[in-house]
């Protein structure tokens, strides 16, 4: 019997802050389930402050030579709190060079009284002095000795993507680093395949986040289509291009509920399935992020919308997740008769049948570990991007009973925004091949242009058969000192720690 229930907690969809004890911090899956039992998922975003004894990395003194292969200058057009963000590819630079640039007079954080004052300056001056973002740097800064909440090895059901299908998509099931400066931004979006994500701010200045509760996500999509009519006509899921910036003032004026919160160094942010989020950096900083999954996500993955124009499409097979964790629905799903209905208020208990099944099959596989890219300090060119033919060949490992099943669709029942009706089967029905294009947008070199692009860089699928723990033959590289990835042994946490709602709370028109 599944321990799913409609969560009565957090009816206001406030962004919650969690402070787990050292014991609670030992079991990632169980603590995420606990957070959802408290209603954290209803906000679409939550903050987790690690125990004071915990450290991600002992020292960041040796990272200045890490290469940012494709820094992106974020150029904005628009007015009155509604902007489109374009990206211009810049020359490669090291983290040390980027830090110097971020702290220069041209790009440094302006004087401000508090976070609210800085936020006003951000939206008032967004059109001026285009910042440069060091985004999508493959690798991890977590020490090998860091076992708890090491984003490079969370041990969630997302591991099935690599273990069952041999699929590795950079930034989805391998970590990415993001080096930011004042005003660098991430536009409104949900995660690819509507996965969860986790973001750890290693060091530097804070990051402000905005989030729309999943049960109100459809309202944001409808507003975005009105504000960006050209983009919406060109792609039914154009928000996946990650180019639309909408200010909190505009959201308020249009009655869109949202929350806001500021992440500081040493804190985690967790986004939940179909949770739209956006934000900006206060100054030079470094964050690390990756996607992950829980059994509650599976039905989201089945119906996740897809970019219809191919600009930022990421899809992969849902077969392994349904076959292994929802065996009673597998045959029906293969016939296209499993019309998933997503309830955004639903919570998955920490003792759910799917989670128990995952732990049983996970135990003998833990010694495998996940493969990850090491950080590059010297680079001659970018990693090759898989072509459509390469992608097709890569996914043959998941044929017959392992066909892709990523559904698309946008309609949500307006009478009850918390319930999403069945989505039409289409490109992501069983039998559709997986693709792996993602990121802030598509890289300029993939679009055939030299300077700018409407989106931002695509997260790359690694070439078939490549052991990404080893350097690519195209790269002359040296790893950062110390192991970056480690297997973690999960143990059950003790009694759960009290939580609080964020100061920002949820904002909407009265």
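Every residue, even glycine, has its Cβ placed from backbone N, Cα and C.
What Swiss-Prot says about this one:
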BINDING   189, 191, 277  Fe cation binding site
BINDING   235, 241, 307, 309  Zn(2+) binding site
COMPBIAS  461-471  compositional bias 'Basic and acidic residues'
DOMAIN    143-309  domain 'JmjC'
MOD_RES   23  polyADP-ribosyl glutamic acid
MOD_RES   24  polyADP-ribosyl glutamic acid
REGION    397-510  region 'Disordered'
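The CA atom of residue 307 (Zn(2+) binding site) is located 12 Å away from the CA atom of residue 189 (Fe cation binding site). Local packing around the binding-site residues 235, 307, 309 was summarised as the count of other Cβ atoms within 10 Å of each Cβ; on this measure the leading residue is 307. Annotated Fe cation site 189, 191, 277; additional same-chain residues within 8 Å of its Cβ mean position, judged by their own Cβ, are 186, 188, 190, 197, 271, 275, 276, 278. Same-chain neighbours of the Zn(2+) site beyond 235, 241, 307, 309, judged by a C-beta within 8 angstroms of the site's C-beta center, are, in sequence order, 231, 234, 236, 237, 238, 240, 308, 310, 311, 312, 313. Reduced to three states, the DSSP call for residue 189 (Fe cation binding site) is strand.
With the fewest other C-beta atoms within 10 Å around its C-beta, 189 stands out among the binding-site residues 189, 241, 277. Of all the recorded positions in the record (23, 24, 235, 241, 309), the one with the smallest CA separation from residue 191 (Fe cation binding site) is 241. This prediction places the mean pLDDT of the domain 'JmjC' (143-309) at 96.
Ranked by how many other Cβ atoms sit within 10 Å of their Cβ, the recorded positions 23, 24, 191 place 23 at the bottom. A separation of roughly 13 Å, to the nearest angstrom, links the Cα atoms of residue 277 (Fe cation binding site) and residue 241 (Zn(2+) binding site). Residue 23 (polyADP-ribosyl glutamic acid) sits 34 Å from residue 189 (Fe cation binding site), taking the Cα positions as reference. Geometry remark: residue 235 (Zn(2+) binding site) versus residue 189 (Fe cation binding site), CA distance 14 Å.
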